[in-house]
Amino acid sequence: MSVVAENLNWGVKRKAIVLGVSLTVAPGETLGLIGPNGSGKSSLLRLLAGLRRPDTGRVEINGQDIAQVSRKALSRQVAFVQQSVATDTNVTVVDVVRLGRTPHRSAFAGWSEADETSVAEALDRVDMASRRKQAWQTLSGGERQRVHIARALAQAPQVMFLDEPTNHLDIHHQIEILRMVRDLDLTSVVALHDLNLAAMFCDRIVVLQDGAVRVCGTPHTVLTRETLRDVFRVSAYVDISPYHSQPHIRFSAV
Amino acid sequence: MAPDASEGGAGRLALFTCLSAIVLAFAVAFATAIGDYRIGLGTVFLSITNELGLTGAKVAPIEQSVVWNLRLSRALVAALAGAGLAMCGAILQALLRNPLAEPFVLGVSAGASTGAVCVIVLGIGAGSLSLSLGAFAGAFAAFALVALLSNGATSGPNHTILAGVAASQLFNALTSYIVTTSGNAQQARDVMFWLLGSFGGVRWPDFQLLLGVVVVSLVICAWMARSLDAFTFGDEDAAALGVPVGRIRLILFGVTALLTATIVSMVGAIGFVGLVVPHAARYIVGPLHLRLLPACAVVGAVFMVIADIASRVIATQQTVPIGVVTALVGVPFFAIILYRARPQT
Ligand SMILES: Nc1ncnc2c1ncn2[C@@H]1O[C@H](COP(=O)(O)OP(=O)(O)OP(=O)(O)O)[C@@H](O)[C@H]1O
Ligand SMILES: [Mg+2]
């Protein structure tokens, strides 16, 4: 499914937070969203996922304006992994992942074989199958993050928005999760801070600065010395990695 | 096969359902037998089956009348009030994501007391309005104010709680003002006593009304139980799971307000049940609302019937206000749950 945003604007109290963003994500593509803190990545993802109404502009998923689609119908196609979540309720890992089936179940429908399979598969995918009965509260930060990704997978979406999904993850799981997102047959938009990971796993990258798209294109065209200096205020060397032939960035301390 | 059941302990749930039904039946039977004038359990049973037209046993008419007309209706209203308050507590704890939420956080009891003093002390309605109607109107006025202050309860849990605190303070102040400026000591005491809760005056029509409200609320809430589960990680997360957050919040706040206002106007503002029972029920059947809400209803009913029995037996020749008993019974009970559920560190 394709995702198309046309001239999105959103702000609060005269402060513009997302400024005239237009972008297109092709079916099956993985789009990286990078930018400094406060550049509007999370806000843009919320607009794309339909959790906020843009002040102007529109978002189309699979050619349909999401403002015209009901919440429930939308959530059968679109999953959203938030930057951080918390709860005081004493729930188990499997309870949380089962929540992902909410959009697919009616009020009193029993728990079907298909529901169980997607939950089990999702837990497997993020390496948490052995922890299904553990209390969510007692998980480590990275484990919580993985459980939330599993929940999004259990939602069986065709489009996935992930807000810094690699937060708290060890390097093995950072790579595993991003590899999985790239290889799954779904369209995804991923906000990331690690530029090397973005280069490795994203088909294209959008650089946000102060709420507006600064540049957009393949990792090679986007991750240049000049962009890194202007947007992220770092001096860096960019060369081509011999392993995956994508740009590799090394930062200079001076 | 439903793995939902196998994993969550279907056996445990079935056992719990059977046990609580039996306990509830016994509690109601005891509540009917016990009083200033003791009636044997056998007589209680026969009186009830006689009235239902199932048997034609010989029972002293006075005993049959006491059982049926006074005590059974009272015990059943107590059960329904307990069930309703516990359900409201569970729903508000989920919607406001606050373990301290209880049916009166939205200002309903404060509003009810203001409505009650308006009728008792100020004599508004000149005798045509009953205390219950006054209390009901007051309760809804408070709820309307909270809804207004929190933009139709759509502006987040903490905002709603603060609006509830503000409304409670306002209506409590109004009550105190009215009582101190125009009431006499006796009237003030009446209002106090009524607020602490009493099942003294309830009869069958009260039962019928309350039964209707509780059943309708339970059905609506069970219908929305899955959506309530989705609120575990917050409003935005619920929206991402396809829940129409604003609509669900408004409907459920409306249902809890209606249920609480009905109960308060009938039997007073009985505290603690709505706070404690959901925690106890969650401890037994887990956090998912499709089970939690019915469990709350049953546990709340049993708790309230037992509290009513206690209120009549702890002091001879006197009835202790039910709200005092629920707190006295509830606090130790709560302490046990807190102790057993403490984080394993
Ligand atoms: N509801 C809001 N009210 C006021 N300001 C907001 C609101 N939401 C976001 N902002 C501001 O908008 C800017 C963009 O926020 P956003 O969360 O989208 O940034 P981000 O790119 O995701 O940052 P980070 O990398 O730190 O996650 C920030 O300056 C933030 O303070
Ligand atoms: Mg962010």
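Backbone N, Cα and C define each Cβ position, glycine as well.
Features reported for this protein in TrEMBL:
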type	residues	note
TRANSMEM	B:12-34	transmembrane segment
TRANSMEM	B:75-96	transmembrane segment
TRANSMEM	B:103-125	transmembrane segment
TRANSMEM	B:131-149	transmembrane segment
TRANSMEM	B:161-179	transmembrane segment
TRANSMEM	B:207-225	transmembrane segment
TRANSMEM	B:250-276	transmembrane segment
TRANSMEM	B:288-307	transmembrane segment
TRANSMEM	B:319-339	transmembrane segment
Margin query: How about long-range neighbours of the transmembrane segment (B:131-149): same chain, 6 or more residues beyond its ends, C-beta under 8 Å?
Written below: 106-116, 118-120, 124-125, 160, 163-164, 166-168, 170-171, 194, 253, 257, 260-262, 264-266
Next item on the list: Might you confirm whether the transmembrane segment (B:12-34) is in contact with the transmembrane segment (B:207-225), defined here as three or more C-beta pairs under 8 A between residues 6 or more apart in sequence?
Entry: no
Item checked: Long-range Cβ neighbours of the transmembrane segment (B:319-339) (under 8 Å; 6 or more residues past either end) -> 78, 193, 195-200, 267-273, 275-276, 279-280, 283, 303-304, 306-308, 310-312
Check: Between the stretches B:12-34, B:250-276, B:288-307, which wins on the count of C-beta pairs under 8 angstroms to the transmembrane segment (B:75-96)?
Finding: B:288-307
Note to self: Below 8 angstroms Cβ to Cβ, which residues of this chain, lying six or more residues outside the transmembrane segment (B:288-307), approach it?
What the structure shows: 8, 13, 16-17, 20-21, 23-24, 27-28, 31, 75, 78-87, 89-91, 94, 214, 218, 221-222, 225-226, 228-229, 270, 273-274, 276-278, 280-282, 322, 325-326, 329-330
